[in-house]
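Everything on this sheet refers to the single structure shown next.
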Amino acid sequence: MRAYYFDNVPGDQRLAHEPVPSRPVAPDTLAQMGVLTWQIPVAGYEEKLDGIARERGYKNSDTIDVSREGMGEVYEAKIKGFFQEHMHEDEEIRYILSGSGFFDVRETPSDAWIRVAAEPGDFLILPAGIYHRFTLDERDNIKALRLFQDEPKWIPHARSAATDVNNHRVGYLRAIGVGA
Ligand code: KMT
Ligand code: NI
């Protein structure tokens, strides 16, 4: 999965926003932030994914189709919501089946955005407590499997003074060795 520092140039969120020259971010750097990435070929993915799900205790999954056709009336609102910086109290686990998009994750303590370009076959885990956002790219569609440990809890907590002291946020910072 390709990742690079976001250029912070205002404009269409669907564009790559990759600086020239690019500033790539290695998988190891992402892993130090608790962001784990794998490649699992889409052909015959079920068996491999079952293994990971068993290992990590993911008991449930569903698929999400982020596209105008897939979402209907709620499309615009969803797209806006996904791109608002937020955190969750659970991991955000995605396996990309088709299409593409960008997961932006905040590096701490620099507060820089790192853009992760997700494509079919990419498996991605965002840890609980990390600030992040998502956007479609110019292709305007992505289909992904969402995995979860128990009940789906997709509550996005928009970044605020309150989330800065949320237990899961504080636990995340401790886990990556940043802050108090
Ligand atoms: C999320 O929670 O931001 C999403 O599910 C985005 C779409 S998954 C490719
Ligand atoms: Ni999220």
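Cβ atoms here come from the backbone N, Cα and C positions, even for glycine.
Where the annotation comes from TrEMBL, it is an automatic prediction and has not been curated.
As recorded in TrEMBL, the features of this protein are as follows:
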- HIS86, HIS88, GLU92, HIS132: Ni(2+) binding site (BINDING)
- HIS86, HIS88, GLU92, HIS132: Fe(2+) binding site (BINDING)
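Neighbours of the Ni(2+) site: apart from HIS86, HIS88, GLU92, HIS132, residues of the same chain with C-beta atoms within 8 angstroms of the site's C-beta centroid are MET87, LEU126, ILE130, TYR131, ARG133, PRO156. All chains included, 20 other C-beta atoms sit within 10 angstroms of the C-beta of HIS86 (Ni(2+) binding site). In the shown protein chains, 22 other C-beta atoms lie within 10 A of the C-beta of GLU92 (Ni(2+) binding site).
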